[in-house]
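Residues or ranges marked as active site, proton acceptor in Swiss-Prot (evidence: sequence analysis): E91. Residues or ranges marked as active site, S-methylcysteine intermediate by Swiss-Prot: C340. Per Swiss-Prot, [4Fe-4S] cluster binding site is recorded for C111, C115, C118. Residues or ranges marked as S-adenosyl-L-methionine binding site in Swiss-Prot (evidence: sequence analysis): G163, E164, S195, S218, L219, H220, N296. The disulfide bond annotation in Swiss-Prot covers C104-C340 and is backed by sequence analysis. Among the features that Swiss-Prot reports, domain 'Radical SAM core' is placed at 97-329.
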Amino acid sequence: MKPSIHSLAHQTMQEWVLEQGEKKFRADQIWEWLYRKRVQSFEEMTNLSKDLIAKLNDQFVVNPLKQRIVQESADGTVKYLFELPDGMLIETVLMRQHYGLSVCVTTQVDCNIGCTFCASDLIKKQRDLNNGEIVAQIMLVQKYFAERGQDERVSHIVVMGIGEPFDNYNNVLNFVCTINDDKGMAIGARHITVSTSGLAHKIRNFADEGVQVNLAVSLHAPNNELRSSIMKINRAFPIEKLFAAIEYYIETTNRRVTFEYIMLNEVNDSVEQALELAELLKNIKKLSYVNLIPYNPVSEHDQYSRSPKERVLAFYDTLKKKGGNCVVRQEYGTDIDAACGQLRSNTMKRDRQKAVAEVNP
């Protein structure tokens, strides 16, 4: 299986063209075709020699993904189901924000974190995505717009799709560097957010990288007992260890951390739990921000339901009164398979039902 050309960082591309006996500037030309003109084949790179195009075709593919399903919401959200070269499926989501187009990318096939409310955790992790497969998601979103004559550019990236980004650390870091590169997509570092469920040692590593991207932490509970019951990762990295790493990150980078908090009715949404959360955040209040997220129900996790508006607002008001920075996050794609992993899960179920029907006509 040939790798995607998008797997190569710019410096690696320069090294590759030199190995082919070409001048270094050819790497700039290839990158311009890929990231500025967004071609989908090497043959479209008209200022390259036939010999170099043949070498590119022999060693790489441009885009390793196939578009399987697209769902468009009335609010402009678009959800994509892509097929990888090995037949596995991943999701990508485009959200229209007031500040631009934001794409949420997937980093793994399934997930090992063990969040009991998430459709992504229904199957254990099968593999990591490589850098090229993550970059390719954005390129196909851009292709989708180009085919419709829409001259819109992806401006923001959130690494919050299926999988734990810090469990695929090197590929995610390479991805961030690729999309941030001035010669590539040139997406500003502060327009990129990487999320983690709480791998404390990787948060420390990320602080030391010196990249200026944003960090989000999926918290979802204010104490160890509750967090361990809904997120098994907390058993390995309890809140004390997690917050020590977060404080190290803030001290090292002087950057704000966003906390994701999904609102589960009568599970984690009481006023008492809001007070616990405020206490947990008091030492980093000035450099923390809480996203209160309405829950998208998943049929496989019917023990959970969405918090009613009254409980969400009471939680919000309590945090605010304690000086916390928080917001109730806007919902996107409520009329499509909106929850993370839901489109993929539902598609796999339908494919399974078709197979059963074929076996038992």
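Glycine too: its Cβ is placed from the backbone N, Cα and C atoms.
Feature annotations (Swiss-Prot) mapped to structure.
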{"residue": "E91", "record": "active site, proton acceptor", "Cβ neighbours (10 Å)": "25"}
{"residue": "C104", "record": "disulfide bond", "Cβ neighbours (10 Å)": "22"}
{"residue": "C115", "record": "[4Fe-4S] cluster binding site", "Cβ neighbours (10 Å)": "20"}
{"residue": "C118", "record": "[4Fe-4S] cluster binding site", "Cβ neighbours (10 Å)": "25"}
{"residue": "G163", "record": "S-adenosyl-L-methionine binding site", "Cβ neighbours (10 Å)": "29"}
{"residue": "S195", "record": "S-adenosyl-L-methionine binding site", "Cβ neighbours (10 Å)": "20"}
{"residue": "S218", "record": "S-adenosyl-L-methionine binding site", "Cβ neighbours (10 Å)": "22"}
{"residue": "L219", "record": "S-adenosyl-L-methionine binding site", "Cβ neighbours (10 Å)": "27"}
{"residue": "H220", "record": "S-adenosyl-L-methionine binding site", "Cβ neighbours (10 Å)": "24"}
{"residue": "N296", "record": "S-adenosyl-L-methionine binding site", "Cβ neighbours (10 Å)": "19"}
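With respect to their backbone Cα atoms, C111 ([4Fe-4S] cluster binding site) and L219 (S-adenosyl-L-methionine binding site) stand 17 Å from each other. Within 10 Å of C104 (disulfide bond), as judged by C-alpha distances, the recorded positions found are E91; the full candidate list was E91, E164, L219. Listed in sequence order, T107, Q108, C111, N112, I113, T196, S197, L199, I233 are the same-chain residues at least 6 apart in sequence whose CB falls under 8 Å from the CB of E164 (S-adenosyl-L-methionine binding site).
The separation of L219 (S-adenosyl-L-methionine binding site) from C118 ([4Fe-4S] cluster binding site), Cα to Cα, is 14 Å. Spacing of G163 (S-adenosyl-L-methionine binding site) relative to C115 ([4Fe-4S] cluster binding site) is 11 Å (Cα to Cα, whole number). Between the alpha carbons (Cα) of L219 (S-adenosyl-L-methionine binding site) and C115 ([4Fe-4S] cluster binding site) lies a span of roughly 11 Å.
Under DSSP, S218 (S-adenosyl-L-methionine binding site) is assigned to a strand (E or B) in the three-state scheme. Taking the Cβ of C111 ([4Fe-4S] cluster binding site) as centre and 10 Å as the limit, one finds 26 other Cβ atoms among all the protein chains shown. Residues G163, E164, S195, S218, L219, H220, N296 are recorded as binding S-adenosyl-L-methionine; their most distant pair of Cα atoms lies 19 Å apart. The predicted model assigns the domain 'Radical SAM core' (97-329) a mean pLDDT of 95. Distance between Cα atoms for S218 (S-adenosyl-L-methionine binding site) and C115 ([4Fe-4S] cluster binding site): 10 Å, as a whole number.
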